[in-house]
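Q: Quick one: the structure is below, questions incoming.
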Amino acid sequence: MSTSTPARALAPSRLALATVLTTQLMIVLDATIVNVALPHIHTALGFSPTSLSWVINAYTLAFGGLLLLGARAGDLLGRRRMLIAGIGLFVFASFLGGFAQNETQLLAARAVQGIGAAFAAPSVLAILVGTFPEGRERARALGWFSAVSIGGSAVGLLAGGALVQWVNWRWVFFVNVPIGIALILVSRFALAETVRHRGRFDIAGALTVTLGTTAVVYGFIRAATDGWTNIGTVSAFAAGAMLISLFIAVELRAESPITPLGLFRHRTRSAALIGRVLLVAGMMGMFFYLTQFLQSILGYTPIQTGLAFLPITLALFVMARVSAGLMGRVGMRTLMVGGLTLSTTGLLLLSRLAADSNYLGVVLPLVLFGLGNGLAFVPLTAAGLTDVAPTEAGAASGLVNVAQQIGGSLGLAILVTIGSGAASRSSQVGASAQQIAAHAFVVGADRAFLASALFLAATVLLLAFTIPAGRAERATHAARVEAREAAERDAELEADIDAVLAN
């Protein structure tokens, strides 16, 4: 009988947790650490303004498009094996990226980095879920995971600023090499391998979901740069919709689907995935526009910009730990709704920034946003993985990662459209061209912050009406666990009877 029970007991250990968290941090850092180096990359390698955006897009496309494939590969081939393979690819690509001499070499390296991240990221979360049993231990582990996942973006800005300012832009790539090599070595004895699941690899499902998600992510990228009515944007979304529809048709008939569609029948899990898309979409507005506000309006250097985000990083780390401890007592819904209400308030305050605002006008909204997201992200992640059978842990982890990636692409496309439109329509205020430009930018940023707040408000309403309250949540979960254990016992008994009859 196929199970996901580890080949040897996966006793929860600090070293195992540190290994998967460091891997997650390396992946998350890469989404922002390169942003700070873009002006230097532009000068050194001769990128055009249009092609420069593909330093980010090449990574995003490969990562978002291959996540579900990476998740299924972990289930079939072993999650530790896929984690190590993903880290190895990531390190190799980082080495090549650091030595890149032209556009083509750097973009190829970024794409391979994305492939490596897509193989490693689902295994990170699946290993964490398999290592720590559901309850207090898993809540604590998810608290650390959530803190690293959200806070890593701010840490990436600080690390990128320090490397660019004090060393060289190439070190935003080279820094991954020693860390990745150490992770590969430690993973071999800190993490136990999982038993490979039986089943054939769903090639048709893998192709359709990979091409479909890639097309959707590409559509959002084109929408952010060329507009929603651009022929390339419309074609990408049309192709994505067709391929994902074909993927669903394939999965309904597949013996071993790459993504079991039954995962979406669980109301709490589905609501958590949709909520994650909306939350991450809103977060993108805050990081994207606030980074530019600090550098373009307040004149901060890259490292000063990174330091300016420290309050949100500290708030996230503290509240993620608090949330993990409270989740068993007050329930997931209370923490998610309360936390995201705080975050929404922070974004509404940011939407009141003016061209003459100073850092004091930024720090309070940042802290509120960090406190709220720290409270909400742990139960949101737990809800996305609730009642998942061990054999489906990899697929469920892949969906959590895909929701985050789609949310980021969706948010950036919509918020850039809103911000740019508002900036272009703003009245000319200021005595100089620089003042007029600053006013226009702030008008656009304020509209984007307001739209981000609406994303989070929608998330609050969704979760408030779909996630059961604490007591009902625990009772429902206990009933599902009992039913699943009974089904597993019946399956084992049936297998034993079949074995006796066969002999």
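The chain as shown is numbered from 1 upward.
Backbone N, Cα and C atoms are what each Cβ position is placed from, and that goes for glycine too.
Those TrEMBL annotations? Automatic predictions, nothing curated.
When I checked TrEMBL for this same protein, it listed these features:
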type	residues	note
DOMAIN	16-471	domain 'Major facilitator superfamily (MFS) profile'
TRANSMEM	54-71	transmembrane segment
TRANSMEM	83-101	transmembrane segment
TRANSMEM	107-129	transmembrane segment
TRANSMEM	141-163	transmembrane segment
TRANSMEM	169-191	transmembrane segment
TRANSMEM	203-221	transmembrane segment
TRANSMEM	227-250	transmembrane segment
TRANSMEM	271-291	transmembrane segment
TRANSMEM	330-350	transmembrane segment
TRANSMEM	362-386	transmembrane segment
TRANSMEM	398-418	transmembrane segment
TRANSMEM	448-467	transmembrane segment
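Have a look at these and tell me how they're positioned relative to everything else.
A: Mean per-residue pLDDT, taken over the domain 'Major facilitator superfamily (MFS) profile' (16-471), amounts to 85.
Sequence-remote contacts of a segment are chain residues at least 6 beyond its ends whose Cβ falls under 8 Å from one of its Cβ atoms, and for the transmembrane segment (54-71) they are 30-31, 34-35, 38, 41, 47, 82, 86, 106-108, 110-115, 117-123, 126, 206, 209-211, 213-214, 217-218, 221, 258-259, 394-395, 397-399, 401-402, 405-406, 408-409.
Within the chain, the transmembrane segment (203-221) has long-range Cβ neighbours (under 8 A, six or more residues past its boundaries) at 53, 57, 60-61, 64-69, 72, 233, 236-237, 239-240, 242-244, 246-247, 250-251, 254, 257-259, 402, 405-406, 409-410, 412-413.
Cβ atoms under 8 Å from those of the transmembrane segment (227-250) belong to residues 202, 204-205, 208-209, 211-216, 218-219, 257, 261, 413, 417 of the same chain, restricted to positions at least 6 beyond its ends.
Residues 31, 60, 63-64, 67-68, 70-72, 121-122, 125, 149, 213, 216-217, 220-221, 223-224, 227-228, 259, 263, 273-274, 276-285, 288-289, 381, 384-385, 444, 447-448, 451-452, 455 of the same chain lie 6 or more positions beyond the ends of the transmembrane segment (398-418) yet place their CB under 8 Å from a CB of it.
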Q: Can you work out whether the transmembrane segment (271-291) touches the transmembrane segment (83-101), with the criterion being 3+ CB pairs under 8 Å where the paired residues are 6 or more apart along the chain?
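A: Output no: the transmembrane segment (271-291) is apart from the transmembrane segment (83-101).
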Q: Quickly jot the same-chain residues contacting the transmembrane segment (83-101) by Cβ under 8 Å, restricted to those at least six beyond its ends, or write none.
A: 20, 23, 26-27, 45, 70, 74, 108-113, 115-121, 123-124, 127, 170-171, 173-177, 180-181, 183-184, 187-188, 191
